[in-house]
Amino acid sequence: MAAAVIRRGGQIFVARRPAHLHMGGLWEFPGGKVEPGESVQDALARELTEELGIQVHTSSPLIQVPYDYPDKSVLLDVWEVNDFGGEPAGLEGQETRWVTPSALGSLEFPAANKPIVDAACLPPVCAISRPAESLQAWLADLQAGVMRGVRLFVLRPPLGFSAEPEQLLKAVGSLTHAREVQWQWHRDLFANAGAMPALLAGASNYGVHLPSTALSGPCEALPEGVGLISASCHSLAEMQAAKAVHARFLLLSPVAETKQYASHQLLGWSAFADWVAGCQLPVYGLGGLSLGDVAQARAHGGQGIALQRGW
Ligand SMILES: Nc1nc2c([nH]c(=O)n2[C@H]2C[C@H](O)[C@@H](COP(=O)(O)OP(=O)(O)OP(=O)(O)O)O2)c(=O)[nH]1
């Protein structure tokens, strides 16, 4: 099954599945079956012409989601289409809409679509905060990243200075364009897990990031109301554990050689691709990578890359 996240001007095109079909009445990313002998890309281009009347110029892989419904198993191979000709319309009478990524959450999609909606909303680059001499310098570093277009940060200790969580949350919230950024707060920044929901409830773009150490051994579920959960993983077991605590995206490392993760098994893109294929979540490659590796990560099933330096 090929499906498309079609983007234009910051919006995404969605259609409603006709009532008589499997998952009828729910919203979908347009697409259809891959015919024997056809590539997924060709199938997608054909389906989008038949169903919506557009001509796909280029498409790039976004995420693959295998899913078992009680009555049917599907493998949704989702591609991003940013470059196309024509004006999409429901040529088969289906209801259609352009929506902002943040509005996708209020539409009802089939169950398999949850990670696809997340992948459609998450950017290709995840920046990891760096220690600084002071709160002011730390904030200036983040602000520079935001101004250069970074839209996802994992904020992690050590900070290089001491500050209370309340102070950090308030300071980050006051950055220019802070509301357009997803901020993932490392769990260890909060001494008291019980206080996290109340602190994070202040902004819908705040979430919690779990270190891999939180995923080995019996994992405690996070309290309700902590927002989007993400996690760092170095093994298949940790990826499974992250899913069990409802993580919605992962950082998987080390993909390439780097001093920071020297004690962990080096993955390379091939093992990265194998592990991501079974995961059903957006996964960022981390370790020894630079901005130029985004296309590699995408080609190997990843959402993109995570970086501590060079963002
Ligand atoms: N196109 C599309 N299909 C989706 C999405 N999410 C999701 O679970 N599906 C499922 C519903 C269907 O079981 C399958 C798509 O099948 P399809 O559109 O090619 O075929 P169909 O439902 O017309 O069914 P069929 O009788 O032809 O087999 O994937 C989505 O976002 N887009």
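Yeah, the Cβs are placed from backbone N, Cα and C, and that goes for glycine too.
Among the candidates N82, N113, the one that TrEMBL lists alongside R17, H22, E28, F29, P30, G31 as binding 8-oxo-dGTP is N113. Report note: the 8-oxo-dGTP site is defined by R17, H22, E28, F29, P30, G31, N113, and the residues of the same chain whose CB lies within 8 Å of the CB centroid of those residues, excluding them, are A3, A15, M23, L26, W27, F109, P110.
With a cut-off of 8 Å between CB atoms and residues at least 6 apart in sequence, the same chain places A3, A4, V5, I6, V14, V78, N113, I116, A120 near F29 (8-oxo-dGTP binding site), listed in sequence order. Broken down by DSSP into helix, strand and coil, the domain 'Nudix hydrolase' (1-123) contains 30 helix, 50 strand, 43 coil.
The sparsest Cβ neighbourhood within 10 Å, among the listed binding-site residues (R17, H22), is found at H22. Taking only the Cα positions, the spacing between E28 (8-oxo-dGTP binding site) and E51 (Mg(2+) binding site) is 13 angstrom.
It is 8 Å from the Cα atom of P30 (8-oxo-dGTP binding site) to that of E51 (Mg(2+) binding site).
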